Amino acid sequence: MEIERETPGSERARSWRANAQEASKKLEDGDRLIKEPAWKRFLVHVGPGFMVSLAYLDPGNLETDLQAGANHRYELLWVILIGLIFALIIQSLAANLGVVTGRHLAEICKSEYPKFLRICLWILAEVAVIAADIPEVIGTAFAFNLLFHIPVWVGVLITGSSTLLLLGLQRYGVRKLEFLISMLVLVMAACFFGEMSFVKPPAVEVLKGLFIPRLKGPGATGDAIALLGALIMPHNLFLHSALVLSRKTPSSVRGIKDACRFFLYESGFALFVALLINIAVISVSGTVCFADNLSPEDAEKCSDLTLDSSSFLLKNVLGRSSAIVYGIALLASGQSSTITGTYSGQYIMQGFLDIRMKKWLRNLMTRCIAIAPSLVVSIIGGSSGAGRLIIIASMILSFELPFALIPLLKFSSSSSKMGPHKNSVYIIVFSWLLGLMIIGINMYFLSTSFVGWLIHNSLPKYANVLVSLLVFPLMLIYIFAVIYLTFRKDTVVTFVADSAQIDTEKAKATGEEEEENQPVPFRQDLADIPLPE
């Protein structure tokens, strides 16, 4: 009996056949996807935009919305409108970057920037994830306080394990879990819409607030910066560029264009819903807190409005049960947005450092870091101190925005990264103008606030000198880093469709028809996300 021996040639042949079969399967998938009706192809791409939009309804957004309405009525609604329009632009750019390059933002940053800068960007991105997690920790602790009347600092400790439990429940059905979270968030939205229909804010004033920019009254600039920081979060850019890679997009020109268009439609609809909810929250807060028949007790709450003291805004609709329903909605808001933070941190670590951690371990690490300041502040300052920490976290996010936004704008406008799919001239000009305007406002506000604090604080002169020697060099480094990222020339080519373009050009040169169904680029390592396939 003869035994057939393995030879290097036969092994290579088997490997070649396996690769050919895999490529053939991908080709068939691309052919099937490209020939399906448009609405079916759109449904295949639904998911990432709605997942990202949860971050625009997190406790940090609610806190800043409530305070903006209580302090300035409807005058800061235009900040919400501009912020979400800009959010739609940059989220669509992040999605386009992932679709065209086959990589997410953190991976492209790793390949483009030198090691020292890459580590700095990674640290800043991790700090942004932690700053985004602080409002979610505090918001969930407030929800426990409203529902079970436990101290806020105890709720902060419980919050550390609550999201781990939620992530663990995914194995019993992602669709059911997402449906439950969505319904609870919609309950919160329905409550504020119902209250808005009851208190009837003047439509003319609301429209003026939306379309006439104003910054009147003390603290208006700070509240506007906090609103922008709560809306436009750096970690969302990393998240969206990675989530789109879980969808099987044909790499033909038509497939890429269709995917970019579908992700834009989905993000636009999801962010429009988020805009309506944010408008409702500000309108209700502004109308109730500026009402003529406001009781002294409620007037005192409006003067320092926090998440745990805002349930009285819904009394007209829900009566005595307002605190319970508001607490449930706040709990859902914190938990659903926490999942987005967990996956953002996972993609950031995988992209910058090529390290993959289990989701529960990643969540535990981020939560432990975020719990520390939340726990200290809630013990020392109570609910009001925890509420102020949410505003500080939002300002930190606004401060860190350039270090994710500038790379995204440069990469999505670069021929070496996007090829023929790079941004149009109009998008480049508009996005850069809006981005630089927000960055400039942040720099102006932070510098003037620091100088004002130096002038009016009660510290000894030597302490002010030491603080100045520490902070002013950091501010100069910050400005230099922003300028360097803006004007640094990209050197790495990451456009993955070069071969497809060459084949297309050859086909045109020989008069052959262009192949529309190129192989499907699919990131299996990024497919493990809480979205139904």
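Glycine is treated like the rest: Cβ placed from N, Cα and C.
Curation plays no part in TrEMBL annotations; they are all automatic predictions.
Listed in TrEMBL:
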- 1-20: region 'Disordered' (REGION)
- 1-14: compositional bias 'Basic and acidic residues' (COMPBIAS)
- 77-95: transmembrane segment (TRANSMEM)
- 116-134: transmembrane segment (TRANSMEM)
- 146-167: transmembrane segment (TRANSMEM)
- 179-199: transmembrane segment (TRANSMEM)
- 224-246: transmembrane segment (TRANSMEM)
- 267-288: transmembrane segment (TRANSMEM)
- 323-343: transmembrane segment (TRANSMEM)
- 364-383: transmembrane segment (TRANSMEM)
- 389-411: transmembrane segment (TRANSMEM)
- 423-445: transmembrane segment (TRANSMEM)
- 465-487: transmembrane segment (TRANSMEM)
- 506-533: region 'Disordered' (REGION)
(message) If contact means at least 3 Cβ pairs within less than 8 Å, sequence distance 6 or more, would you call the transmembrane segment (423-445) and the transmembrane segment (224-246) in contact?
(response) yes
(request) Might you confirm whether the transmembrane segment (267-288) is in contact with the transmembrane segment (389-411), defined here as three or more C-beta pairs under 8 A between residues 6 or more apart in sequence? (result) no
(message) Counting CB pairs under 8 Å, which listed stretch among 77-95, 224-246, 267-288, 323-343 touches the transmembrane segment (116-134) the most?
(response) 224-246
(message) Contact between the transmembrane segment (323-343) and the transmembrane segment (77-95) is defined here as three or more C-beta pairs under 8 Å separated by at least 6 residues; is that satisfied?
(response) no
(message) Which sequence-distant residues neighbour the transmembrane segment (267-288)? Criterion: at least 6 residues beyond either end, Cβ under 8 Å.
(response) 49-50, 52-53, 56-57, 61-62, 65-70, 72-74, 76-77, 80-81, 84, 87-88, 91-92, 95, 188-189, 192-193, 195-196, 199-201, 206, 210, 231, 240, 294, 298, 302, 305, 310, 312-313
